[in-house]
Amino acid sequence: MQDDSFSNFYWQEVQRYTQLAEQLNQAGFQQFQANQLEAAVQSWQQVLEICQAIADQAGEGATLVNLGFAYQHLEQYPQALVHYQQALPVLQAVGDRLKESVVRQNTGLIYTRLNQYLEALAQFEAALSIAQETGDQLGAERLLTAMSQIRQVLGRSVSGLDAASLLARSESAGSESAGSEAANRRAMVNRLNHIGLAYQSNRQYSQALEQFQQALVMAQQDGNQPGEAASLHNIGLVYDTLNHCSTALQYYQQALSVARAAGDAIGEIATLNHMGQVYVKLGQYSQALEPLQQALATVEATGEQGRAAEVHLSLGIVCANLNRFADAIPHYQQALNWYQQLGERLLPGHLFSLLGVAYQNLQQYAQAVAAYEQALPLVREQGDRASEAQTLIRLGAVYTSLEQPSAALDAYTQALGMMRELGATVPESEKSAQESILLNNIGNLLSKLGQYSQALEPFQQALTLTHSTGDRAQAGLILNNMSAVFSYLGQYAQALQYAQQALAIAQALKDEAQTAVVLNSIGSIYRNLGQYSLALDHFQQALTLLRQIGDRTQEGTILNNMGAIYINLKQYPQALAALQDALAVHREIGNRVFAGVTLNNIGAIYLDLRNPEQALEFHQQAVVVAREVGDRSGEWFALNNIGTAYMYLEQYPQALSALQASLAIAQTIGDRAGQGATLVNIGNVLFEEGQVAAAEETFYNALGILETLRQSELSDTQKVSLFDTQLQVYQFLQQVLVSQAHPEKQLKALEVAERGRARAFVELLANQLSDQQAKELIASAPTLPLVQQIAQQQNAVLVQYSLINVGVSHPQLYIWVVQPTGHISFHQVELVNLEQSLSELVHLGRQAIGARGRRISSPPPQPDKPNVEAAYPQPLIDPLQQLYDLLIRPIRDQFPSDSATRIIFIPQAELFLVPFATLQDEQGTYLIQQHTVLIAPSIQVLAMTHQRRQELGLLYSQSALDPDTVLIVGNPAMPASPTIPSLPPLPEAQREAELIAALFNAKVYTGVNATKKTIVQQMPQARLIHLATHGLLEYGITNSAGVHTIPGALALAPEPDSNNPADAATLEQNGLLTAAEIAELSLNAELVVLSACDTGRGTITGDGVIGLSRSFVAAGVPSVIVSLWKVPDESTAYLMTQFYQHLLHQSDKAQALRQAMLSTQQQYPHPRCWAAFTLVGQAD
């Protein structure tokens, strides 16, 4: 008798263990999905032990599959193979053909991963047999594709022999189970279809169609509807593969009708799915939805869940293409769940990638990263390097959006390596295009990380690839990115060159968005060069374009940059308005990087306004943002300004801490301009703390860096504007040196003062010298011995002025006097308790002598005084005497007693406008009455002009002046144009020219004969050039913003055939000789006299006066006589005649000019009539 109690106990235990196994199994699945693979293995190992204990073969087989799957995911392939091999006999025993097929497929994948291709092929063939047996057509297609790929690796293909072999094996298998004739014909239809699929997988489409057509005919003859539906479906599949979409749809539609008639749910689902995919291929996504939704409904109605994965995958793809990413995600997840339950390894990697794309488009970046990270090991396992590379590229894009540049760089770098390994598997043009994009992304990330030098190499590689692909848009993008890198490196000439190329491409392609981006880049470069008007012009052009196309992101960037320019121009209300608009835009679109930049710039406004507390508030917000988004450049800027704010608050330890951190960042990212700026601030803090020696060293270090930014590739104009942005450091260093109250340090300050002026002019002139040794010596940083040598060469007293208005409570004036003997004295003048500033005093002094208006004709005569004197009241003495007290009295005991010994003044800033000859002592004596004076932009420029004079002396061998080498111009026919003021004739200038020409027996050019073309042709051969005409201070070559790059022009006659007043451009080009044009000439004249108005004035910069006089010296003329204001033509004619009469009897041009001025003073006592002219350069 059976013991019922024992039986009940046994079955209760089995039930309990079964429940425990189910709980552990579910825990294993949850751990697996959470990527807790080791934990999943432990759970399933316990399930396996329970199944074996209770003799649950089905559970044992399924668990062995799960363990193999987990070990495969862990890339522990030997353990995976062991469990799969153990699973096979168990699955065969219980008749689970589906799981057996999965095991063989996964085993094949492992062998493929291990490069054991023959073993892999055997497993796939076994799985294919199961797919054929169970009617799994889609599975068979995938297996045939995998087998084809393996055969390609092995150098084999599915040839006719292989197909015949496959057919023979199928027939042999069929004969073993031969039944009725009808069954044999149905089997033959199946075999023909599978042979066709084999041909199709090997791209032998005509052979595939032949097999499918035979199968179709046989099935139709026999009334075999499932076979007919399968054959029609397969024919559609061939046409689908060949992109004959309409034909494919016709066959699919026939297949669908037959499958439905036969009640073939599997065939119906497969066909509907493929129909949807054809519509996707055609881009008809809305039409694709209908068949796919029908397929899903059939799956749910018939319970054919094995087909659910393919349908959900297709629906997800369609929703994504309709930009319905939120709808796509559930479909992808459903498909993924089904594939994972089936143990599928081929498709989940692809699905995770699609999930990542959907999350990425929804800006759900964390979820996108998780999806891509899960996709990577799966596509690696398949050995699909192309898919792996694409996944890494997408991952890099997500990390970029997450502002994680280091992670993005790692992903892109890996992807690049894989792209280069793909070889012939990807078309060369496609590979080159992808590589170019990747390299550009890598360059951008390196730049974002502050690794500017390293960024250039990938950019250059990317640019080279665009030459082969012909992708001009990509080339323009890369050129603009390279321009930004060169700008960060302080290589502004290269930056402009690359940006201009990028702009030309964007404009040629009519790409308004990219045109705006490049205009912004060019504006930023000009800002760095200190050319603020040009920068604003480019920013404004960009802003107009961006508002037209509605690009809010770039609009915010432009507004920020315009705000920064207004800060540079000290136009703070405009700056704050632009920056607040920019910040609103950045916050609206969530652009944290540029929000941080804008916060920095707003802080800079309050810093300039000496409101350090409020500045700190903005900069501290900015530094937090910069660190969060990895913006190293923004972090540098914020810390630099935080340090400055603490300095203003006299919290010096905090200031140094912030500035040292800022300096470290600038050094790390290679920002040379940033390093220099931060060192200047550190020097200031050290000086304020009383650490004078440390401050001195720091300022010298700053100079060493900043001076490297003025590279030779920059134009002269660009060097001048860049130099203006660096002037303060020279002043700071002079102040530190002078503060030490040591004679040696005070003289070192002279070296710094000289080092800080006319540097661009020095470099420009040095390049024109023929003596290489002299060129190198003079162009190097000035030293005291060189200064003393130049004073000796000139046999003159040199007086150098330096205005100090930074870091002090009130301005100071430093003066050095260098004697011909080499002795140097230093004097310090406190510019305090003045009723007017020095600049205002200079202006008043010029007003006192009537320095206004352009060159004028003589007024009507009055009976008792010369005509010109009637026009002017006597000058106000006070401003001229005040200037004398400040500029001359402190050093007049250093002046020579001999009036013939020259005094050469080297002014600075507004002192260039001082009429030194008219300065009066307490007795009312003009300086010119006691001394011979001239001016120079710098001591080194004197050395340059001296060297040039020596070269000309050798050229002419001290020979007498040949009349043919004397070029005299007077009163040319004046050009007329709506864009320039009316220029009246100058009859006195013509008389002046004729008198001078008579002195030299030279030809004179007047009226219509004095055309610009004629005069310019004569100038290179001339030894003496005298131009008596109108000078235009406010005229010159302009940039796109309407700003004169080099102000000044001389009026000459237009060409005789250029008499159409409407043709303004031609008249201006032919009739006006601009300063910019003069600078480009190569002249051999020993002297040029500009007997015209305002020829000595121009734009005052740290490099001196930029105008006509500088242009003539740059063209090779060592001595130029110019005017400091608009001059009366009657007294000018007298003065010039006197000058040349004296010059004929002595070679000293300064002495000749002094004598002419004294003679003219006797005839025309008013200083306006005799004191306007000054000699620039060499007296000999």
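These residue numbers are counts, starting from 1, taken along the chain as shown.
Heads up, the Cβ atoms here are built off N, Cα and C, so glycines get one too.
Annotations in TrEMBL come from automatic prediction, not curation.
Annotation source TrEMBL lists repeat 'TPR' at 101-134 (among others).
Summarised as a single figure, the pLDDT of the repeat 'TPR' (189-222) averages 83. According to TrEMBL, the feature repeat 'TPR' maps to 189-222 (among others).
With a cut-off of 8 Å between Cβ atoms, the residues of this chain six or more beyond the repeat 'TPR' (229-262) that come close are 137, 141, 189-190, 192-193, 196-197, 200, 205, 208-209, 212-213, 215-216, 219, 268, 270-272, 274-275, 277-278, 281-282. Per TrEMBL, repeat 'TPR' is recorded for 229-262 (among others).
In terms of DSSP helix, strand and coil, the repeat 'TPR' (269-302) has 31 helix, 0 strand, 3 coil. The repeat 'TPR' annotation in TrEMBL covers 269-302 (among others).
Taken from TrEMBL, the feature repeat 'TPR' applies to 349-382 (among others). Away from its own ends, the repeat 'TPR' (349-382) comes close to residues 35, 72-73, 75, 109, 112-113, 313, 316-317, 320, 323, 325-326, 328-329, 332-333, 335-336, 339, 388, 390-392, 394-395, 397-399, 401-402 of its chain (Cβ-Cβ under 8 Å, at least six residues beyond either end).
Residues or ranges marked as repeat 'TPR' in TrEMBL: 389-422 (among others).
What TrEMBL records for 436-469 (among others) is repeat 'TPR'. Same-chain neighbours of the repeat 'TPR' (436-469): 393, 396-397, 400, 405-406, 408-409, 412-413, 415-416, 419, 429, 475, 477-479, 481-482, 484-485, 488-489, 630-633, 665, 668-671, counting only residues six or more beyond its ends whose CB sits under 8 Å from a CB of the stretch.
The annotation repeat 'TPR' is assigned in TrEMBL to 516-549 (among others).
Residues or ranges marked as repeat 'TPR' by TrEMBL: 556-589 (among others).
Summarising the annotation, TrEMBL assigns domain 'CHAT' to 879-1178.
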Fill in: Residues from the same chain, set at least six apart from the ends of the repeat 'TPR' (556-589), whose C-beta lies under 8 A from its own
516, 520, 523-524, 527, 530, 532, 535-536, 539-540, 542-543, 546, 595, 597-599, 601-602, 604-605, 608-609
Worksheet item: With DSSP, how much of the repeat 'TPR' (101-134) is helix, how much strand and how much coil, in residues?
Response: 31 helix, 0 strand, 3 coil
Worksheet entry | Helix-strand-coil residue split for the repeat 'TPR' (436-469), DSSP-based | 31 helix, 0 strand, 3 coil
